[in-house]
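Colleague: Can you read through this structure? Questions will come right after.
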Amino acid sequence: MINGAIQNIRQALGQVSDPATLFANIGSVAALAVSGVALNLLIGRYYGFEGLGVFSQALLFFLILGQVSAGGFAFAALYYFSRHGASDPSARTYLIAAFLPVLAVGMLMALLLWHGAPVIGSVLDSPELAETMPAVGLGVMLFGLNKVGVHSLNGMEHLKTYAVLQGIRMPTMLLAFLALLILHAPTGWFGWLFVASEALIFALMLVMLWLYTRGTRLEFSRLFAVMISENGRGWRGALIGLLSDVNSRIDVLVLGLLASDRVVGMYALGAMFADGLRMLLAAVQSVINPRVANYLFHQDRAAFDKLYSSLALVGRAISIVTLICASGLLIFAAPVLLGAEDSRTSTEVFLIMGLATTVAAPAIVLNQSFTQGGQPVLQTAFFAILAMLNLVFNLVLIPYFGPQGAAVATGIAEIAQLYLLRVWKPRLFGTT
């Protein structure tokens, strides 16, 4: 029976991707996840759950406003290069046309965080969080640009380069944190962790894009023509990334409004482990995204359905193994570092969210299918419904059940993806 299950998983792996490419992406995400867990444990160890709460809320602003900065241009770039590839003579012109509006919005976000820091600190009752905002703003600007560039590499099918750039974010933040630790820096300096990671990714991304794309002379008339003709998809899908990240961070936002930094920190540790599980599924997603775009372009529903079945087996197998390993780490290692009572709450949060992610695994991997099918408005509606469900359940459950209620609310929104994808799948193939 066990041998049969293993054989089925191997066959499903062959349907999903070339194993070397898949495991390279999973390896990079594993490095990202392990570094993220280590970073959270170290912050909890040396700055307490209050410091971890400040970091988690700063991360919330960084990711959500970074998505605002990127708009729909990252997904538009993925769509464009999945069809045209890096050899397209207009590749560099397209990239510049996509970077310009993202840079403009990113600069605006940075200014808003710089001047709005006191208000943020007052609303969330966290002066330390307010101190992080100016540096977070700079990180937001770089994050938006990086997201467009890295998604472009994904669309070009330079998947190993994509994996490396995705995988170095959290290890770089971990190294930057160790530097802050040596300097005995206060929590208000945590914003510079984001700047350090995004600056490194930005530099490497520019080099890789230059090497992979064809060199043509830039003509400003052509640049503006591309901005008008191609970037419409970016503006129409401007809310996709934002709603996707809001959906995954609403729990921390509502907890931040209703609970102390300490409670947020206790929740954030368990949620970080759950994020690591989702990152592994995102690694699978990055590998199959170009193939999904191709299936939808050719309206090959049979191939899409076969891929879904394979993803259900592979995604859930990855989730179950990760759930067991991460639970052991939380149960046996975290109490030594953080205290038994507080880590128990984090463990319960992770188990609730991890089980929901395991159930929803195939839908999580395919939740960008509407973008790949050239339907950014439908993709926006998909994430908007999930975000509203998540918000409503968090507002209802957190006052009664605290961090565990937030985990249940987030889990419900995760599982809802299965239903939405099943109901809306005909729209991907021109039927209702």
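Cβ coordinates are placed from backbone N, Cα and C, and glycine is handled just like the others.
Marked as transmembrane segment by TrEMBL: 20-43, 55-81, 93-113, 133-150, 162-183, 189-212, 313-337, 349-366, 378-400.
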Colleague: Using a Cβ cut-off of under 8 Å, list the residues of the same chain at least 6 residues beyond the transmembrane segment (313-337) that approach it.
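Modeller: Cβ under 8 Å, 6 or more out: 8-9, 12-13, 16, 26, 37, 41, 44-45, 269-270, 273, 276-277, 280-281, 284, 343-344, 346-347, 350-351, 354-355, 357-359, 361-362, 364-365.
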Colleague: Short question: most Cβ pairs under 8 Å with the transmembrane segment (55-81), which of 133-150, 162-183, 189-212, 349-366, 378-400?
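Modeller: Highest pair count goes to 133-150.
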Colleague: Do at least three C-beta pairs under 8 angstroms join the transmembrane segment (189-212) to the transmembrane segment (162-183), pairs 6 or more apart in sequence?
Modeller: yes
Colleague: Looking only at residues six or more beyond either end of the transmembrane segment (378-400), which have a C-beta under 8 A from one in the stretch?
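Modeller: Cβ under 8 Å, 6 or more out: 75, 237, 239-240, 243-244, 246-247, 250-251, 254-255, 258-259, 367-368, 370-371, 406, 408-410, 412-413, 416-417, 420, 424, 427.
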Colleague: Which bits of the chain, at least 6 residues beyond where the transmembrane segment (162-183) starts or stops, bring a Cβ under 8 A of a Cβ in it?
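Modeller: Hits for the transmembrane segment (162-183): 24-25, 27-29, 31-33, 35-36, 38-39, 42-43, 46, 146, 150, 153-154, 189-190, 192-194, 196-198, 200-201, 204-205, 208, 283, 286.
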Colleague: State the non-local partners of the transmembrane segment (349-366) in its own chain: residues 6+ outside its ends, Cβ under 8 Å from one of its Cβ atoms.
Modeller: 266-267, 269-271, 273-274, 277-278, 281, 284-285, 288, 292, 308, 311-312, 315-316, 318-320, 322-323, 326-327, 330, 403-404, 406-408, 410-412, 414-415, 417-418, 420-421
